[in-house]
Structure formats: structure tokens, C-alpha cells
Amino acid sequence: MTLDIQADVSLKPFNSFGVEVKAKWFAQAHSDDEVREALAYCATHQLPLLVIGGGSNLLLTADIQALVLRMATRGIRLLSDDGQRVVVEAEAGETWHPFVQWTLEQGLSGLENLSLIPGTVGAAPMQNIGAYGVEIKDVFAGLTALDRQTGELREFDLAQCQFAYRDSLFKHQAGRWLILRVRFALNRVDHLHLEYGPVRQRLSEQGIEQPTASDVSRAICSIRSEKLPDPAVLGNAGSFFKNPVVPAALAAQIKQSHPGLVGYPQADGQVKLAAGWLIEQAGWKGFREADAGVHRLQSLVLVNYGGASGLQLLELARRIQRDIAERFSVELEMEPNLY
């Protein structure tokens with residue numbers, strides 16, 4: 001066995017909230033073989049397996065009585081290039097933002113709007129991560145996953161992944177599928193998505209009239225850096241709540257009493273509301289109790305000022321959910337996975 005399995009390991013360095021909990025067993029997988037070793041170890045010792053990547057979408061509320069396997073696989077490959085469309089494959093353990101930067105350095109567009117999102121490549125399809133008008137599903141070309149029940153590899157295409165807003169098949173069947181590598185369809189000719197006003201405004205402020213994909217990436221990085229705290233400095237998991245999608249009638253009702261409501265009409269006739277706006281209107285922006293709080297600049301972000309437990313952060317989140325439900329009749333859904 002080459003897999004190094006350690007006992008009673010602190011997970012504080014492995015979750016972006018910086019919550020102090022321990023894993024009963026912990027290992028890092030650098031290859032497919034080591035992933036299989038972890039599965040075999042769990043089967044032999046009748047242990048559950050929790051697979052993590054960058055730990056940026058986790059809220060850990062108690063010690064983990066399982067083998068925690070951190071995906072540390074590395075590798076990026078060009079699979080095909082017809083001069084316009086390029087298919088790139090990346091291992092699940094690759095850190096997301098450096099991977100995005102690598103694609104831009106190769107002259108490839110498609111991922112620039114997803115710049116500076118924390119986490120790993122393997123976690124990106126699970127959440128169908130998205131930002132500034134682009135989601136993983138828009139650039140997805142396939143993935144390879146390991147069936148934890150049979151040990152067999154399976155290829156998934158776009159339809160099989162069942163992508164939806166911050167959702168996928170893998171989020172609902174995390175106990176079965178373990179994503180090993182992901183493929184992306186990118187372009188040698190820029191097809192930029194500049195629908196969001198703040199991005200266009202930032203480019204205009206920089207005097208850029210004909211932006212490249214790299215220009216868009218830099219603009220988005222500067223916007224995100226201003227709005228979102230660095231987890232290395234202040235523990236957080238990025239946006240904590242999904243933007244709720246509600247019936248148009250409810251959105252209109254809220255707008256009557258709150259004319260400044262921020263909402264985006266959807267193709268199905270519903271309206272996607274800005275969760276951060278709702279939370280700010282309810283007075284939670286900058287709230288702090290002990291070391292658990294809401295960020296002073298971005299109401300969507302819950303923060304750990306140093307000593308908050310996962311349970312304290314969870315209780316704060318639930319208080320916010322209850323308040324928003326009472327004020328606006330809107331149910332907020334948490335983005336991070338709870339353990």
C-alpha cells in the first residue's frame with residue numbers, strides 16, 4: 001500500500017472556514033490507484049469515506065468518524081485542438097483558479113468568468129459552479145468518475161450530469177460517484193460573456209474597449225477581491241446561500257414594499273432574487289456574535305473571525321434563514337455541504 005493513512009488529523013488546514021475538527025483517519029490521494037486503495041481500506045475496516053478537495057464548500061460541525069480522503073491528483077492535458085475548439089482535461093485535485101489561469105496563458109477562452117473561485121477541478125461539476133453569467137455546464141465536455149460501489153470507471157456526458165443551478169447528479173449521489181478528472185471545451189477565439197454590469201463597468205474604468213478573455217479575468221479578479229474576503233485571512237466558504245428562484249408574483253409582492261429589490265427574470269417565468277440583497281435589507285450585514293459573523297462588505301458571506309465552531313456558524317445561518325422566511329416568505333438554501 002502506498003497510501004499514507006494517518007489517525008486523528010486536524011482538518012483546520014483543509015477547510016476554508018478554518019473550523020477545528022478532527023478526522024478519525026485522513027489520507028491524500030495522488031493517483032487513481034491511491035483512490036482505489038482508500039476505497040479498499042474503507043471496505044476492509046467498515047469505514048465511511050468522505051472525499052474533499054479544497055475544502056471551500058464545507059461546513060464541518062463535528063469530528064469526522066470516517067476516512068477523509070483529500071484529492072491531491074495533478075495534471076492538465078490538451079486532448080484535441082482543431083484550431084478553434086480545444087478540449088482540455090484536468091485532474092480532480094488541480095486547484096481551480098490556477099487551472100483557469102493556465103487555460104488563459106494557452107490562449108483559450110471560456111473559463112475567464114469563473115476566475116478566482118476557490119476549490120478544485122473535481123468539485124466544480126458537483127456544484128456546477130458559476131459566476132457572472134457562466135456555469136460549468138456551459139463549457140463542459142465530459143468527466144471520468146469512479147463508481148464507489150463497483151470500482152469501475154464511467155464516462156459522463158453533459159446530459160448525464162443533470163446540471164442545474166448550483167446542482168448536479170454528483171451532489172445528490174456523492175456516496176456513489178468519485179470524480180477523477182474533468183474535460184472542458186474551450187475556444188481559441190474569444191466568445192466573451194459581458195452581460196453583468198459590474199464587469200463591463202470595471203473594464204470601462206480600465207479604459208478597455210475591446211477586452212480579451214484575460215482582460216475579463218483580471219476585471220473579475222479585482223471585483224471578487226474587493227467583495228470577498230481571502231479565506232487565508234478570514235475563514236469563509238464564499239457565497240453561503242444560493243440566490244433563491246421564486247414565482248414572479250412573489251417577486252412583485254416584495255417589490256411593492258421594497259422597490260430596490262434585485263431580481264433577474266428566468267426563462268421559465270420565475271425570478272432569481274439576490275440573496276445578499278435580502279440579507280442586507282434584513283439588517284444582517286456586518287453582524288457578529290462571538291467569532292461567527294456576516295461579512296461587513298458582502299452579506300452572502302459568513303465568516304469565522306478565528307474561534308467559531310461549525311455549530312456556531314450553522315446556528316447563525318439558520319437564524320438568517322428563519323428571518324428571511326418571516327420577512328419575505330423566501331426560503332434560502334445553504335450552498336456548503338454540512339458534516
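In case you wondered, yes, glycine gets a Cβ from its N, Cα and C as well.
Fair warning: this is a prediction, and the values are worked out from it, not measured in the lab.
The feature active site is assigned by Swiss-Prot to ARG166 (among others), with sequence analysis given as support. The Cβ of ARG166 (active site) lies under 8 Å from the Cβ of GLN127, ASN128, ILE129, GLY130, LYS242, GLU335, each of which sits 6+ residues away along the same chain.
Under the heading active site, proton donor, Swiss-Prot lists SER239. Look at SER239 (active site, proton donor): DSSP puts it in coil.
In the structure as shown, the Cβ atom of GLU335 (active site) sits within 10 Å of 19 other Cβ atoms. Swiss-Prot lists GLU335 (among others) with the feature active site, giving sequence analysis as the kind of evidence.
If you look up Swiss-Prot, you'll see 18-189 marked as domain 'FAD-binding PCMH-type'.
A 10 Å cutoff on Cβ-Cβ distances gives SER239 (active site, proton donor) a total of 20 other Cβ atoms nearby, all chains included. Note on the domain 'FAD-binding PCMH-type' (18-189): its mean pLDDT in the predicted model is 97. GLU335 (active site) falls outside any helix or strand according to DSSP and counts as coil.
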